[in-house]
Amino acid sequence: MAFESWPAGGVRPVEELDVRSFLMEENSTAERCYRSHSRSSVLQGLPFGGVPTVLAINVVLWLILLLIFSCLRKAAWDYGRLALLMKNDSLTSLFYGEQSEKEKTPSDSSPSDSETKDMGFCSWLTSLYHMKDEEIRSKCGIDAVTYLSFQRHIILLMMVVCLLSLTIILPVNLSGNLLGDNPENFGRTTVVNVPAQNIFLWLHSIFALLYFVITVLCMAHHSSRLEYREDEKVARTLMITSIPREISDPGLITKHLHEAYPSCTVTDIHFCFNVQKLMKLDSERRKAMKGRLYFTTKAQKNGRIMIKTHPCAQIFCCDICGFEKVDAEQYYSELEEKLTDEFNAEKNWISMKRLGIAFVTFRDERMTAVIVKDYSRARCRHKPQQSSITTVVRSHQWDVSYAPAPNDIIWENLSVCGPRWWLRCILLNILLFLLLFFLTTPAIIVNTMDKFNVTRPVESLRNPVITQFFPTLLLWAFSILLPFIVYYSSFFEYHWTRSGENQVTMHKCFLLLVFMVIILPSLGLSSLNLFFRWLFDVRFLDETDVKFQCVFLPDNGAFFVNYVITSSLIGTAMELLRIPALLVYSLRLCFAKSKAECIHVKISQAYEFQFGLEYAWTMCIFSVSMTYSITCPVIVPFGLLYLVLKHMVDRYNIYYAYTPTKLNQRIHAAAISQVVVAPILCMFWLLFFSVLRLGPVQPITLFTFITLLCSIAFSCFGFCMKKLRADRSTSYQMSDQTTEGGFSDAERSTISTTATANLFIASVLLEPELGLTPMPSPAHQSYGTMVNSQSSVRDAEEDEEKDLEETLETELKDDLLMDSPVAFQ
């Protein structure tokens with residue numbers, strides 16, 4: 001009887017039937033997806049996807065973690081400022097166990113260094129706002145400023161995306177009526193709520209293209225601000241590898257280059273040696289030397305000091321354990337003498353450990369450009385220029401490239417080269433692939449835990465803490481762990497430069513994070529069985545109950561919103577706490593044999609800031625937010641929150657917790673290239689949605705597909721052009737620059753030739769013999785305070801001690817800085 005009430009023509013009822021059938025199809029799809037995940041804690045139909053509950057829990061835990069950090073920083077202040085220990089008070093802490101009273105110049109002091117802004121319970125929060133880029137640049141180097149500038153550009157980009165997504169895309173999604181009017185339904189905010197016939201779906205595709213354009217423009221602006229520096233490119237020095245190891249006379253290299261390239265003038269040549277063992281012995285003898293100096297000074301004030309040399313003596317300090325006591329000064333003196341003898345013996349043999357690598361410095365960078373161009377053509381079956389001794393030096397086998405910055409070179413890794421390096425790299429990456437892909441993908445771990453009924457007892461309660469917060473916390477935790485595995489795999493690959501190590505780490509981590517945080521969970525492929533069936537079984541999509549429509553379930557978007565919330569609050573707070581580093585720091589202090597070694601631990605605990613790892617992690621969360629910025633626009637504000645908090649945490653950690661790092665500019669350019677992946681993923685997800693919802697031949701689908709192809713083609717073209725442009729700038733850009741003071745090319749060559757050439761020698765080969773005597777202790781001062789020497793009154797004896805202290809500090813300054821992973825210049 002209902003058919004009698006249809007209007008003539010039957011047009012309206014057909015539309016109503018289409019909507020009803022579509023809704024029934026949506027409901028059946030949801031039922032199938034939820035049924036297939038009935039034992040999974042990831043997909044659950046919760047009020048508003050559990051986002052309010054997860055947000056409240058994260059805010060509370062975030063505040064608790066900040067309180068814990070403030071307490072730890074107040075109680076163990078040295079740990080909160082490890083990077084400053086080396087610069088400000090490592091010397092006097094070593095010799096006197098007290099803070100330095102050395103007078104500071106106005107340029108050395110900063111708001112972050114003052115007692116009121118550095119010692120308070122929560123003063124570190126205000127110091128972040130008062131800290132200027134000039135302070136960070138003077139202490140941490142230009143790479144830190146470039147990284148922070150990159151983050152600010154990403155924040156600005158995310159602000160624009162957030163504004164557009166919340167003011168335009170979100171109202172369009174809410175205007176749909178497919179999922180009802182219940183305000184607790186998270187799906188109303190997603191693209192799933194918009195009917196397939198709605199013309200506003202065009203806005204989603206247009207805005208995806210707009211986001212890509214905005215991203216490209218923003219990164220182009222950041223790229224134009226990157227500084228080119230001569231000390232980074234070292235355009236007048238070439239690194240030549242595959243030189244026969246039996247060649248020890250640099251005159252042969254000079255003769256060949258002069259004959260093959262008559263217009264080129266060689267000013268200096270330095271061969272490389274296997275200094276791995278030598279650097280290890282040097283580190284150990286410096287440690288022993290510091291122990292001797294410390295206890296010699298203490299013995300002059302307090303008499304003979306006895307220590308227990310067993311590694312567990314600090315933990316089991318009672319006399320019942322029976323650890324033998326020895327004279328501290330004598331113990332470290334004998335240890336230093338032994339290590340010094342081994343060091344000198346190894347140094348005498350170092351000339352026999354040539355590596356077939358040489359750094360050749362020319363008078364002008366135009367000369368190096370000629371040689372690099374000739375050898376780059378040699379890769380295309382073009383023989384480089386010959387000389388009368390070509391067969392002797394085997395120049396046709398050489399690999400010639402611009403030398404990296406001296407501070408960028410990891411000298412101890414140069415010994416791993418050739419087939420040995422490639423074999424090591426291939427085996428490590430195969431092992432990494434097997435470990436990460438087959439065992440420890442976070443989505444697979446969460447699914448495996450569900451199979452063992454980890455959350456089954458409370459699933460019946462439909463508790464958002466378990467069904468939403470717990471899985472996202474697990475995904476975040478494993479996402480934190482796995483990049484560190486990737487980092488250590490890059491570390492054991494023995495890259496020759498820190499830039500190369502960081503860049504490889506960044507690329508591998510980013511690809512891994514995108515795969516395991518975005519792709520697998522989005523596709524619902526949370527188990528290996530499901531993944532391989534989807535990959536290889538041609539009948540899988542027809543027979544299985546799990547459809548790809550599950551990708552666009554409302555709660556799947558809520559899962560990523562909750563994940564970004566967890567990363568924004570708990571994630572950034574944990575980065576501030578640095579729990580793994582704190583545990584290592586505590587363990588090293590427990591196993592230190594003496595007070596002197598405790599001081600050594602404090603100095604050497606400050607590590608380099610891992611730009612590759614942090615770039616990858618920042619871009620992962622940015623990519624998650626950008627990928628779902630249109631299909632699930634609620635995620636964008638939390639992505640912006642993450643970027644802001646991440647920026648503040650990194651400012652603090654770079655200044656206070658990590659030592660300066662000098663890198664090649666290529667890693668910053670590579671990070672810019674990877675940012676463009678995010679809007680491309682957004683287009684790909686929108687195309688996926690259009691194909692599933694609208695069909696592959698609909699105009700919106702075709703438009704999205706064409707824009708995706710054009711965006712990928714544009715990105716590839718820009719990447720290739722950037723590679724070519726980088727080669728030209730490396731070769732010729734420095735010719736157009738002048739140094740400070742306006743020196744000409746000839747003057748600059750004369751002044752800096754010797755200094756530049758000497759940089760290309762491992763510092764351990766330039767170190768003088770350590771023969772130092774301790775000085776008396778200066779006036780007592782409470783530890784952890786900074787005193788202005790202008791306000792203190794000293795008598796003649798204290799002035800004399802201060803002069804002696806400054807003399808000793810001058811002699812030992814470079815020695816103590818050698819304890820850090822890199823001595824920044």
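Counting begins at 1 with the first residue displayed.
Just so it is clear, glycine is given a Cβ too, placed from its N, Cα and C backbone atoms.
Pulled from Swiss-Prot:
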| type | residues | note |
| --- | --- | --- |
| COMPBIAS | 779-793 | compositional bias 'Polar residues' |
| COMPBIAS | 796-809 | compositional bias 'Acidic residues' |
| REGION | 98-117 | region 'Disordered' |
| REGION | 777-825 | region 'Disordered' |
| TOPO_DOM | 1-50 | topological domain 'Extracellular' |
| TOPO_DOM | 76-141 | topological domain 'Cytoplasmic' |
| TOPO_DOM | 175-198 | topological domain 'Extracellular' |
| TOPO_DOM | 224-418 | topological domain 'Cytoplasmic' |
| TOPO_DOM | 449-463 | topological domain 'Extracellular' |
| TOPO_DOM | 494-497 | topological domain 'Cytoplasmic' |
| TOPO_DOM | 535-557 | topological domain 'Extracellular' |
| TOPO_DOM | 591-610 | topological domain 'Cytoplasmic' |
| TOPO_DOM | 658-664 | topological domain 'Cytoplasmic' |
| TOPO_DOM | 694-698 | topological domain 'Extracellular' |
| TOPO_DOM | 720-825 | topological domain 'Cytoplasmic' |
| TRANSMEM | 51-75 | transmembrane segment |
| TRANSMEM | 142-174 | transmembrane segment |
| TRANSMEM | 199-223 | transmembrane segment |
| TRANSMEM | 419-448 | transmembrane segment |
| TRANSMEM | 464-493 | transmembrane segment |
| TRANSMEM | 498-534 | transmembrane segment |
| TRANSMEM | 558-590 | transmembrane segment |
| TRANSMEM | 611-629 | transmembrane segment |
| TRANSMEM | 633-657 | transmembrane segment |
| TRANSMEM | 665-693 | transmembrane segment |
| TRANSMEM | 699-719 | transmembrane segment |
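Taking DSSP states H, G and I as helix and E and B as strand, the topological domain 'Cytoplasmic' (591-610) has 10 helix, 2 strand, 8 coil. When each of 142-174, 199-223, 558-590, 665-693 is scored by its Cβ pairs under 8 Å to the transmembrane segment (611-629), the top-ranked stretch turns out to be 665-693. Between the transmembrane segment (199-223) and the transmembrane segment (633-657) there are fewer than 3 Cβ pairs closer than 8 Å, counting only residues 6 or more apart in sequence, so the two stretches are not in contact.
Under the criterion of 3 or more C-beta pairs below 8 Å, with sequence separation of 6 or more, the transmembrane segment (633-657) and the transmembrane segment (699-719) do not qualify as touching, having fewer than 3 such pairs. Counting only same-chain residues 6+ beyond the ends of the topological domain 'Extracellular' (694-698), those with a CB under 8 A from a CB of the stretch are 196, 201. A Cβ distance under 8 Å defines the sequence-distant neighbours of the topological domain 'Cytoplasmic' (494-497), meaning residues of its chain 6+ beyond its ends; these are 404, 408-410, 413-414, 416-417, 421, 424, 504, 664. With a threshold of 8 Å between CB atoms, the same-chain residues lying at least 6 positions outside the transmembrane segment (142-174) that come near it are 133, 136, 188-191, 193-194, 200, 203-204, 207, 210-211, 214-215, 218-219, 221-222, 225-227, 229, 609, 611, 614-615, 618, 622, 625-626, 629-630, 633-634, 636-637, 639-640, 643-644, 646-647, 650-651, 654, 660-663, 668, 671-672, 675.
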